[in-house]
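Heads up: the structure comes next, in structure tokens.
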Amino acid sequence: MVIGLTTMLEKSEALFASDHASVVSMNLFVALLCACIVLGHLLEETRWMNESITALIIGSCTGIVILLISGGKSSRILVFSEDLFFIYLLPPIIFNAGFQVKKKQFFRNFMTIMLFGAVGTLISFVIISLGAKHFFEKMNIGDLTISDYLAIGAIFSATDSVCTLQVLNQDETPLLYSLVFGEGVVNDATSVVLFNAIQRFDLTHINSAIALEFAGNFFYLFILSTALGVAAGLLSAFVIKKLYIGRHSTDREVALMMLLAYLSYMLAELFHLSSILTVFFCGIVMSHYTWHNVTDKSKVTTKHTFAALSFLAEIFIFLYVGMDALDIEKWDVVRSSPGQSIGVSSILLGLILVGRAAFVFPLSFLSNLTKSSLDEKIDWKKQVTIWWAGLMRGAVSMALAYNQFTTSGHTKVLGNAIMITSTITVVLFSTVVFGLLTKPLVKHLQPSSKRSSTTALQITTGSSFHDPLLTNNEPLLSTQGPSEYNIEQPVSFRMFWNSPSRAIHHYWRKFDNAVMRRIFGGRGVSPVVPGSPIDTSVRQWSEEVENKEQNGEP
């Protein structure tokens, strides 16, 4: 009896000590997040630094301090978890990107984005996989299988769309931002699908049947993932439009939007689809329909809430990557062969440079063949910028590498430890060095001018939420009232042949105006129902017009 009581007391003390350590760790991590935000604000004016690089540097410095305090035993206060990244941190980042994206630019360049994001990723995947197999076998770094080499190709084909968001500005360089970020979203989805397929298929004997099955699986995942995201966005729009939740509580409609967006991501995970594509297109549909069905207070709240959650998740990721870079366990394993680790990192960086160049420049040439307007063509300066901005690797590569080469974040195998440390080195070097040089490079290759400033002003005059899903190359019309959606333009077979995007835009507008907006709501077309957000907006607009008429204003 006494022994049992003693054992219970010891377990309780250990539990309390563990809880106290967790509280201390979270306090330190939250304090570091605050420091990153403050320093990021102070460094806002510089063209060299951004929050992601600041977080990496702070994380690395903190790791050094913890390493010294612990006597070289540990450098981190949290253990890296793939679930933490994919389930909690990545969804708000990707959703906010879809929610805030300039739909006009994104859909105008959709085919080019798909060309870069899908075909380009496959080209980069093949080059990195073949190059890794060729060089690493000669270096004798461990018993790596064909699946490991293919996984390396998928891991380092994933560009860091999170960091790219902070490096490029969609108002200053709308075309570049649209291409690089759009490619990044499709690229991340493609890389994850490739990685999962490598783990699922038996690749010891690759034949045409397996290749066809893999291609079919990719298109199946892409189509169903997109459809699920669109369905979730439409469901949120329909529910909020019909129930008018904002009449009684703006908190409820904001919470419902957030939960339905997250539900779309988790459903994609449940059905083994591409959750990145799902939540991205859910964000686009919500910004097109749902956002216009909520109250004005909820519009402001959702916009800033989603942006703030995305921002915190980005800083959290880079802060942890900086701290984890000095994890002593992995470096102890490779301490006996530092030359191999440096050599592997250098080879991977070289393969990334070559692999990206191998598709950016040829595919840009093919894309330019289909463009008639000079403004839509990708000149060599834009091509160099796109190539450079996509060289950064980040948390997606880290998470996939941990999945392939560790067990619960730990490894004692030399080859696996070398791949983990090399991945950390590549992520740090590419984010800091390439990230630091990207802004000056963009400023040099794409100097600001009156013309570019005017274009940026035209794009940002109306919020991205006011842009239709598809647009032609003409300036946006007035955003006040339904007339914008009732423009009838004759569409001939010649016009469809010469300008298919304009023809598709015309028919989409008719369908959207006649069917979609009447069912799911949106700006300017939904029927006015007493008490609804649309009714409130119409009454406010009527009062403004009446006041102007009384004051003699035009």
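Glycine is treated like the rest: Cβ placed from N, Cα and C.
Predicted, not measured: the structure shown is a model, and the values here were computed from it.
Lifted from TrEMBL, the feature list:
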TRANSMEM  20-40  transmembrane segment
DOMAIN    32-443  domain 'Cation/H+ exchanger transmembrane'
TRANSMEM  52-71  transmembrane segment
TRANSMEM  77-98  transmembrane segment
TRANSMEM  110-129  transmembrane segment
TRANSMEM  218-240  transmembrane segment
TRANSMEM  260-286  transmembrane segment
TRANSMEM  306-326  transmembrane segment
TRANSMEM  347-366  transmembrane segment
TRANSMEM  386-405  transmembrane segment
TRANSMEM  417-437  transmembrane segment
REGION    531-554  region 'Disordered'
COMPBIAS  541-554  compositional bias 'Basic and acidic residues'
Positions whose Cβ lies under 8 angstroms from the transmembrane segment (347-366), at least six residues beyond its ends: 115-116, 119-120, 123-125, 127-128, 131-132, 135-136, 152, 156-157, 378, 382-383, 386-387, 390-391, 393, 422-423, 426, 429-430
Maximum Cβ pairs under 8 Å to the transmembrane segment (386-405) - stretch from the list 20-40, 77-98, 110-129, 260-286, 306-326: 77-98
Which of 52-71, 77-98, 218-240, 260-286, 306-326 contacts the transmembrane segment (417-437) most, counting Cβ pairs under 8 Å: 52-71
Selection from 77-98, 260-286, 306-326, the stretch that has most Cβ pairs under 8 A to the transmembrane segment (52-71): 306-326
Distant-in-sequence neighbours of the transmembrane segment (306-326), which means Cβ under 8 A and at least six residues beyond its ends: 29, 32-33, 36-37, 40, 51-53, 55-64, 66-67, 75-78, 80, 85, 88-90, 92-93, 95-97, 99-100, 162-163, 165-166, 258, 394-395, 398, 424, 427-428, 431
